[in-house]
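See below for the structure under consideration.
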């Protein structure tokens, strides 16, 4: 059984059909890439999966459980974590605080009104561990607003990892990063997530990185699944070449 | 620690103050608590409520009605005042929080004005614009000094609670929602329920302030619910600085003392207030508390530079 199944999902915005019947299955333990030109519907699909808005039609099933239309916070608590394309973690906090809050959020444990955040040792330990995984442990006491973009991206990933997610969604994890940072992030994703046994669904424009990371690739084009296959198949697919060269398939 | 020193100072101040001084400082503490309650929403949660008067007024009217119509002892009405203002905040919050920004602000204003209209017109129940008068608490709390200590106690409890809240997971969750709501919800924080609880807590504390103000003034009028009363919380917060924890309370004290000072000498209080707010917003956006912090910073740096130079 697939960890995540998206079935025949439609979503339109003011007449623009962003998703036109997308179906997708993410197998447990796989690294699944979602690629396609801008406007193909990748981010919209992520937003439907995480409950930022409900689909017009179709369903989303996570671990065999229908979660279509669930609010974002409930989806997150199931172990479906996301790191956003535009990483803007909580700017008024310190790095450690942002990750600790995330940990308590996933556990539904933020309704403590009198105990200070610093007394939640389990969450603090989990935050320290997550920060160590992304290599930000020595930045824990810095203000989030002082971090450069590359560190913000890694912090945002730590805020997802601290959930110990079953499924991690990464929306363009390499966007805006320098060449060196890209290499680092790719290495990090491959080694860390494999070791942790996290299933990954990600979008990325960097074709090289996609072919290196993914073991399954779904190509979206104009809100539809153009083709799906392993990296070798996708590399030689005529339709994909046509779509990315701007022609019609 | 610093809060403890502040409360101790205010405690020792009591016996020194004149009758008039006690009333003035009591009023400053009440307005301070009210502004701090407003700032829980404004600074921490990023919600601009223009309807805080609703909860202030409900707290005051709950006290006044029970004392004057049902003969309850003054202090016994406190739990009812808190619950009534919390309940009204729950209802208004439930209906307003789904809206964002200016729509939220306008809706809170509309609800407060609705309650004002009810209090103003319902003579049989609220006494209409005649208000409810003769509310001097029976016994020792009718005296200025004991009343000052009651006010100080409730102020300290309220501010202590807000200080704990700011450092708690709940306080951080509110900040997370303010900083980036989508991110906060994606880490499992239920935005609506957090904001609603913050709204209810803010309403309950505002109700405590109204409860005290009614007793201090010995009367409650519909203007307790009027929008200018909501504006007082906002003005105090701007004056004192929303980004510093005690800023709103500092602003409330400054607001009252300036009003007394200006009104004693001229008739142009609103003009001076407007001028002051203009200067604060344009040149000192972090408020009086922010100015204080800047000064302290300069002094500290100056001392260090002086030491290095010498």
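Using the three backbone atoms N, Cα and C, a Cβ is placed for every residue, glycine included.
What TrEMBL records for B:28-46 (among others) is transmembrane segment.
What TrEMBL lists as transmembrane segment is B:53-72 (among others).
According to TrEMBL, the feature transmembrane segment maps to B:78-97 (among others). Sequence-remote contacts of a segment are chain residues at least 6 beyond its ends whose Cβ falls under 8 Å from one of its Cβ atoms, and for the transmembrane segment (B:78-97) they are 47, 51, 54-56, 58-60, 62-63, 66, 104, 107-108, 111, 115, 192, 195-196, 199-204, 206-208, 210-211.
Taken from TrEMBL, the feature transmembrane segment covers B:104-125 (among others).
The transmembrane segment annotation in TrEMBL covers B:145-165 (among others). Counting same-chain residues at least six beyond the ends of the transmembrane segment (B:145-165), those with a Cβ under 8 angstroms from any Cβ of the stretch are 3, 7, 10-11, 14-15, 17, 22, 25-26, 29-30, 32-33, 36-37, 40, 44, 137, 171, 201, 205, 208, 212, 215-216, 245-246, 249.
Taken from TrEMBL, the feature transmembrane segment covers B:195-213 (among others).
TrEMBL lists B:233-257 (among others) with the feature transmembrane segment.
Annotated transmembrane segment per TrEMBL: B:269-288 (among others), in sequence order.
Counting only same-chain residues 6+ beyond the ends of the transmembrane segment (B:233-257), those with a CB under 8 A from a CB of the stretch are 3, 6, 24, 27-29, 31-39, 42-43, 48, 50, 52, 159, 162-163, 166, 206, 273, 276-277, 280-281, 284, 286-293. Residues of the same chain lying 6 or more positions beyond the ends of the transmembrane segment (B:53-72) and with a Cβ under 8 Å from any Cβ of it are 34, 37, 78, 80-82, 84-85, 88-89, 92, 108, 111-112, 115-116, 119, 125-126, 132, 134-135, 137, 202-204, 206-211, 213-215, 219-220, 222, 224-230.
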